[in-house]
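Q: Quick one: the structure is below, and I'll ask about it shortly.
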């Protein structure tokens with residue numbers, strides 16, 4: 001009977017995961033299209049330097065917000081049982097913390113501007129702390145939506161936020177070609193996100209000083225705090241080195257190349273992470289099911305990301321020229337390096353989500369400390385020698401040994417075989433190479449074709465790619481086809 005109940009539980013988790021994945025896929029697709037559209041339009045009105053200034057405006061508030069993150073949010077999602085008693089104290093800490101951050105950023109604004117050599121944006125930098133206050137006024141009841149994998153409502157929140165960003169940003173940029181268009185668009189989008197949370201869940205937070213209730217969360221949350229500190233330190237370190245060793249235009253090109261390279265990984269990776277963390281948490285003691293879920297996650301990542309990465313590696317310059325214009329061609333090689341970096345980063349993020357869900361959040365902290373030790377000297381050296389492209393190469397070199405460590409950790413904790421995990425990459429990679437070889441041979445001719453013809457060729461390539469995945473499964477019973485079919489059938493109710 002106990003085994004039957006466990007099977008029902010696992011089946012329920014799978015069903016919720018696939019259903020949640022459907023909504024996240026729809027939502028992230030809309031979000032990425034909106035994000036890409038806003039960037040394409042805003043890039044026509046604003047300079048790369050404006051995007052560089054906005055990156056600096058956000059850098060310090062985001063760093064302080066994350067550096068003071070309590071980690072309680074992840075703790076209550078991972079925790080089994082009732083969590084309501086924790087919500088008000090956690091929310092209160094967030095509100096108090098955000099007000100302090102806003103004051104600190106306002107006072108230190110002139111010094112931040114001087115350090116980043118952006119004295120022209122002192123006022124905007126001083127006001128950057130407002131972003132954090134708005135975010136922390138959210139309805140913490142939305143935690144229940146994540147815990148129960150009710151991602152439809154989360155997507156509604158996010159899409160509303162992004163629609164407001166694009167409308168406000170473009171409206172202001174039409175008349176005011178300045179980083180202020182990005183600033184006010186960000187304010188409006190954060191406010192929309194916060195307000196929408198009160199319509200999506202009936203819970204109403206209130207101030208509570210009963211912080212003693214949170215003691216039993218700290219043993220887990222302290223490692224989440226460590227993860228956040230290291231992630232933000234890494235991001236701030238990266239931005240600071242670029243700003244000091246290059247110039248504001250190079251920083252803008254680097255930032256946007258990184259954002260563009262993250263479009264596909266930033267769609268697929270967070271989707272799988274968002275689903276897998278609560279899903280793994282519900283079956284955290286069932287190693288066999290966890291390994292099965294890991295392989296399926298890797299199959300989906302490889303199936304989708306490898307051909308997308310191959311396409312942009314081949315035609316990155318043409319894509320930038322078509323959608324952004326000649327002023328942005330300087331980001332082409334940065335984009336290519338970042339594409340490979342983000343593919344590897346998604347693999348690591350999936351493994352980190354697994355570690356957190358099964359009760360080993362310390363793994364990410366320890367491994368990322370090693371990443372900083374490896375990457376920092378590389379970042380300084382390559383950026384000083386080669387500029388923004390050197391910085392992107394430093395990130396790529398630094399992440400390779402980290403991935404090896406994470407794979408060894410997951411093998412030790414879950415008894416998964418590293419060759420099975422890496423084996424999920426082989427068939428999509430071979431299929432992509434088969435398609436890329438003729439494209440490389442006729443690259444100069446192909447890239448001269450009109451955009452509509454290029455789109456048609458990409459569609460034909462996608463059909464051929466899927467056909468190869470299908471045939472590999474039928475002939476050798478290998479590859480991601482069965483996992484892809486399972487997800488499609490479940491969502492289409494076939």
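Even glycines carry a Cβ here, placed using N, Cα and C.
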Q: With TrEMBL as the source, identify the stretch among 49-67, 182-200 annotated transmembrane segment.
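A: My reading of TrEMBL: the transmembrane segment range is 182-200.
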Q: Examine the transmembrane segment (300-325) against the transmembrane segment (447-471) and state whether at least 3 Cβ pairs sit under 8 A, considering only residue pairs 6 or more apart.
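A: Result for the transmembrane segment (300-325) with the transmembrane segment (447-471) is yes.
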Q: Verify whether three or more Cβ pairs under 8 angstroms connect the transmembrane segment (421-441) with the transmembrane segment (120-138), leaving out any pair fewer than 6 apart in sequence.
A: no
Q: Checking distant contacts: for the transmembrane segment (421-441), what same-chain residues at least six beyond its ends satisfy Cβ-Cβ under 8 A?
A: 294-295, 298-299, 301-303, 306-307, 310, 314, 407, 410, 461, 464-465, 468-469, 472, 478-480
Q: Mind checking which residues reach the transmembrane segment (182-200)? Cβ under 8 Å, same chain, six or more beyond either end.
A: 38, 42, 46, 50-51, 54, 57-58, 124, 127, 130-131, 134-135, 137-139, 141-142, 145, 153-154, 156-158, 160-162, 164-166, 168-169, 172
Q: Residues sitting near the transmembrane segment (86-108): Cβ under 8 Å, six or more positions beyond its termini, same chain?
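A: Contacts with the transmembrane segment (86-108): 60-61, 64-65, 68, 70, 72-73, 76, 125-130, 132-133, 135-137, 140-141, 143, 203, 205-211, 213-214, 217.
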